[in-house]
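**Student:** I have a structure I would like to understand better, so I am pasting it below and will then ask my questions one at a time.
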Amino acid sequence: MYEQSGPYPGPTPQYGQAQYPPYNNYVPPAQQVYANGDTKNPYEGDRFRPKKKINDPIFLILFILQLVGFTALSAVVLHSWIAQGGLGGGLGKTGGHTGTSVTLNRSTVYLLLLVTAAAVLLSALYLMLTRAFTKIIMHITLILSILLNIGICVYYWITKYYSGAIIFTVIAILSVLSYFGFKSRIPLAALLLQVVMDVSKHHLSVYVVAFTALFVQAALSVWYTFTVIATYAKWTPGNPSCDASSCSSGKVAGLIFFETFSFVWTSQVIGNVSLATLAGGPYGSWYYFGPRELGEMPKHPTISAFGRASTLSLGSIAFGSLIVTILEMIRLLLNAAQNNANADGHPVEACLACCAACFIGILENMVEYFNRYAYIEIALYGKAYIPAAKDTWRMFKDRAGIDALVNDSLVGMTLMWGAYAIGLLSSLFAYLYLRVTAPSYNASGQYTAPVLLFAFFIGLVCSTTLSSAIEAGVSTIFVGLGEDPQVLAIRAPALFTMIADTYPAVTRGVPRN
């Protein structure tokens, strides 16, 4: 088994070895044995050697155009906002009492900058705690998932929202019944997570990529926040910088919708470029070439993978990210429609909007789940999005048991709960700041909800970006299992043994065509 000598164990004893006794007396057929101890050529099927061709150029152009449009709009509104002195406001209680009282001002910027810094710190702290107390945190997140379903169920019954109450009653019962099944999967999930974290310790580039993506996401979040605040300031009726003939709430809503769309799409692309860089770089190279000590791993695999992901494959990544972004925006619109229907006293419309939003949310999660493995195919082989999606589907269909292994993995749930917790803590920090500083623009509390939403969004994005580095390793191992499962018996025998015992069909699946 995978031994721990403390909360932060050193390198796994097996990391640098080339050969291990085969699992369960498995003897592979006679094949060429490469220097990394494998019987598979790491470059099989153009792996790590993609064709020099830009994939999905149409979506690459669309992505660049929307980013240029966001930049131009941001330049216009920020120029006006700066000319007005940010409509006043400052840091802390004294600064909050200055500035315009009509809309968001500069004091909100200081608040959200502090939120971003806190989210970065909390994200790094959560990953360290997860490595130190893996099984405990997995137990906690599993219980929290059940309690959340029960809490939503009780809330809907209390508020007499009967359609939602019935749905979540069923979900709550199923989650309680499935607890013991998921509980038995915690040792495997914990070992998988620990193996990935320990592999990352041997590749500093994992953390370089993760923190670079985190800070880029944080900078994008700050830029988006400045732009939204400046848009409010420029076109909200009654503002000093507003020309009465050109200002309206509808214009503000439309521009903020575009800004949010651009932010979500760009944020998705940044996270997925990071995923492709890690999958095609340190994690993929570790799986297919073996540890760096064997001397078979290419030089600078992370830089090469980033070069492919940010140029030749950027259009494919933008394609997959656009699908998720459209679904996310539809869900946001349906949530807004539900809130408006509730406010207007139309329960039937609110129920329909809620059901539609739930359906879109489920569809969005399925697409994200599928896209993750498609991006790894893109990173390893340089495929366009559609061929990568087809091969991903073929892998899940042909490799018996790999879908069950992925579905039963608790790693994603553990990291997801951390992201939600950091988002909530970021919102709490923003709320306390508003209460203490009492800014003039929020005298009647009308901007509390938008500020808290922005804070939650920033915390969530920062956390998911950092945790995606770990999820990239887990997902790459799953793809490797789907293609060449016996390689894992060489890389991590204890993990392979546990997977073979729990999901024997995975290790006997059909070979990749």
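We count from 1, first residue shown onward.
Using N, Cα and C of the backbone, Cβ positions are placed for all residues, glycine too.
From TrEMBL, here are the annotated features:
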type	residues	note
REGION	1-21	region 'Disordered'
TRANSMEM	58-82	transmembrane segment
TRANSMEM	109-129	transmembrane segment
TRANSMEM	136-158	transmembrane segment
TRANSMEM	164-182	transmembrane segment
TRANSMEM	203-226	transmembrane segment
TRANSMEM	269-289	transmembrane segment
TRANSMEM	310-334	transmembrane segment
TRANSMEM	415-434	transmembrane segment
TRANSMEM	454-481	transmembrane segment
**Student:** Can you name the far-off residues of the same chain, 6+ from the ends of the transmembrane segment (203-226), with a Cβ under 8 Å from a Cβ of it?
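**Tutor:** Apart from its flanks, the transmembrane segment (203-226) reaches 74, 78, 81, 108-109, 112-113, 116, 119-120, 123, 259-260, 263, 266-267, 270-271, 273-274, 277-278, 281-283, 286, 292, 302, 306, 454, 457-458, 461-462, 465-466, 468-469, 473.
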**Student:** Restricting to the same chain and to residues at least six past its boundaries, which positions have a Cβ under 8 Å from a Cβ of the transmembrane segment (415-434)?
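**Tutor:** Sequence-remote neighbours of the transmembrane segment (415-434) are 111-112, 114-115, 118-119, 122-123, 126-127, 130, 141, 144-145, 442, 448, 451-460, 462-464, 467, 470-471.
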**Student:** May I ask which of the stretches 109-129, 136-158, 164-182, 310-334, 454-481 has the most CB pairs under 8 A with the transmembrane segment (58-82)?
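**Tutor:** Between the candidates 109-129, 136-158, 164-182, 310-334, 454-481, the best contact partner of the transmembrane segment (58-82) is 310-334.
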**Student:** Could you pull out which residues elsewhere in the chain have a CB under 8 Å from any CB of the transmembrane segment (109-129), counting only those six or more residues past its ends?
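**Tutor:** Result: 86, 89-91, 95, 137, 214-215, 218, 221-222, 225-226, 229, 418, 421-423, 425-426, 429-430, 433-434, 437, 451, 454-455, 458-459, 462-463, 465-467, 470.
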**Student:** I'd like to know if the transmembrane segment (310-334) touches the transmembrane segment (164-182) in this structure, counting it as a touch only when three or more C-beta pairs sit under 8 Å and are separated by 6 or more positions.
**Tutor:** no
**Student:** Going along the chain, which residues at least six beyond the ends of the transmembrane segment (310-334) come within the CB cut-off of under 8 Å?
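**Tutor:** That would be 50, 52-63, 257, 260-261, 264-265, 268-269, 272-273, 276, 353-354, 356-357, 360-361, 363-364, 367-368, 371, 374-375, 378-379, 382-385, 388-389.
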